[in-house]
Amino acid sequence: MPTSLRSSALRPPLTLRLAAFATQCKPRVNSLIVFTAMIGMFLAVPGWPPGGLMFAATLGIALVAGAAAAINCLVERTIDSRMARTRGRALPLGLISPAETLGLACLTGGAGLWLLNVAVNPLTMWLTLATFLGYAIVYTVILKPATPMNIVIGGASGAMPPVLGWAAMTDSIGMPALALFLIIFLWTPPHFWALACYRREEYARAGLPMLPVSHGVPLTCLHILLYTVLLAAVSYLPVTLGMSGGIYVGLVSLLNLGYLREAWSLWRNYSDAKARHAFRYSLIYLTGLFAALFLDRLL
Ligand code: HEM
Ligand SMILES: CC(C)=CCC/C(C)=C/CC/C(C)=C/COP(=O)(O)OP(=O)(O)O
């Protein structure tokens, strides 16, 4: 927090500081994370999952995911202050102090883990803790500043939520849950690299070795295309495993055609506008794929 804001007279009021903390939990990113966890819960059991168990699991996962995002904001507060996209976050603006962020993240994360342990099962609690550490420590502290492959390895944490949802309902990790893990795991690099392409100058200024910064845009676009082809192939695993049928195949095929077109066009003839479009499409793709899994099960 800037020195001028340290004196209590100049500190933002408590409600504003709590609201500032909530924005650091990255609610928009985490709403999709939690959605994929909930679909994992639906697919794990025949019929509708037990309401109380589903509520506790969803709340627990959301609290821990929010705490992980807040720790990411805490660790990266100096880097965030150097990039246009992130300099309006609560810590660079001094709306909340690092100590308050740490304290509230421990509270929310601790509450989430406790809830998972007592109201869901210890397996889900341990897997969620590992996911938290994977993102907040392994990705944020170790990999992100060190290697352009940060996202490939770090993406494993982002791919965990359907596995967490599955474990919450079954107290086990099934093959179908691993198929959903693989889908998000292969989706994450093209999702992030599209954004990293059109934000490459900011990442370079911040000293972060993202793939378009270290190896250039053409090679990054080739990687985006290759990952998208792999993703399209793996997106049919739920059918091979007997989890989904015709409705899913139809919807996911449309989504795949759209994503392959985005990736192909980006590779053939790059522009920042196309990369922005491909990033937005990545969000439609993953939301659509998980909605298709749900619809296929429902209908
Ligand atoms: C470690 C892996 C990931 C990285 C590095 C990453 C990176 C990013 C970045 C840099 C943004 C822009 C955020 C902003 O401007 O505030 C973003 C947005 C977003 N990401 Fe990811 N992402 C990852 C994994 C995921 C996963 C697994 C999901 C969901 C399942 C996801 C969902 C979203 C959503 C919904 C947005 C849009 C947020 C908005 O509109 O404000 N991301 N991601
Ligand atoms: C249950 C649980 C703990 C889930 C965590 C899931 C997880 C790994 C989410 C990662 C998504 C995310 C906020 C990426 C931002 O990347 P960034 O931090 O590089 O982006 P930034 O530059 O916007 O901070």
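From the backbone N, Cα and C atoms, a Cβ is placed for every residue, glycine too.
Listed by sequence, the residues of this chain that lie at least six past the ends of the transmembrane segment (29-48) yet keep a Cβ under 8 A from its Cβ atoms are 54, 57-58, 61-62, 65-66, 69, 158, 161-166, 168-170, 174, 176-177, 180, 184, 243, 283, 286-287, 290, 293-294, 297. The transmembrane segment annotation in TrEMBL covers 29-48 (among others).
Per TrEMBL, the feature transmembrane segment maps to 54-75 (among others).
Per TrEMBL, transmembrane segment is recorded for 95-117 (among others).
Per TrEMBL, transmembrane segment is recorded for 123-142 (among others).
Beyond the transmembrane segment (149-169), the same-chain residues lying 6 or more positions past its ends with a Cβ under 8 Å from any Cβ of the stretch are 33-34, 36-45, 49, 53-54, 57, 61, 65, 68, 116, 120-121, 123-124, 127-128, 130-132, 134-135, 138-139, 143, 176-178, 180-185, 188-189, 192-193, 209-211. Under the heading transmembrane segment, TrEMBL lists 149-169 (among others).
The annotation transmembrane segment is assigned in TrEMBL to 175-198 (among others). Packing against the transmembrane segment (175-198) from elsewhere in the chain are residues 36, 39-40, 43-44, 151-152, 155-156, 158-163, 165-167, 210-213, 217, 220-221, 223-224, 227-228, 230-231, 234-235, 237-238, 241, 243, 259, 263, 266, 270, 272, 275-276, 278-279, 282-283, 285-286, 289, 293: each is 6 or more residues past its ends and has a CB under 8 Å from a CB in it.
According to TrEMBL, the transmembrane segment annotation covers 210-230 (among others).
If you look up TrEMBL, you'll see 236-257 (among others) marked as transmembrane segment.
Counting same-chain residues at least six beyond the ends of the transmembrane segment (278-295), those with a Cβ under 8 angstroms from any Cβ of the stretch are 32, 35-36, 39, 42-43, 180, 183-184, 187, 190-191, 194-195, 198, 224, 235, 238, 243-244, 247-248, 251-252, 255, 258-259, 262-263, 266. Positions annotated as transmembrane segment by TrEMBL: 278-295 (among others).
With respect to Cβ pairs under 8 Å, the transmembrane segment (54-75) is most closely packed against 95-117, considering the stretches 95-117, 123-142, 210-230, 236-257. If you look at the transmembrane segment (123-142) against the transmembrane segment (95-117), you find at least three C-beta pairs under 8 angstroms, all six or more positions apart, and that counts as contact. Under 8 Å from some Cβ of the transmembrane segment (95-117) lie the Cβ atoms of residues 1, 6, 12, 16-18, 20-21, 24-25, 56-57, 59-64, 66-68, 70-71, 73-74, 77, 124-125, 128-129, 132, 168, all in the same chain and six or more residues away from its ends.
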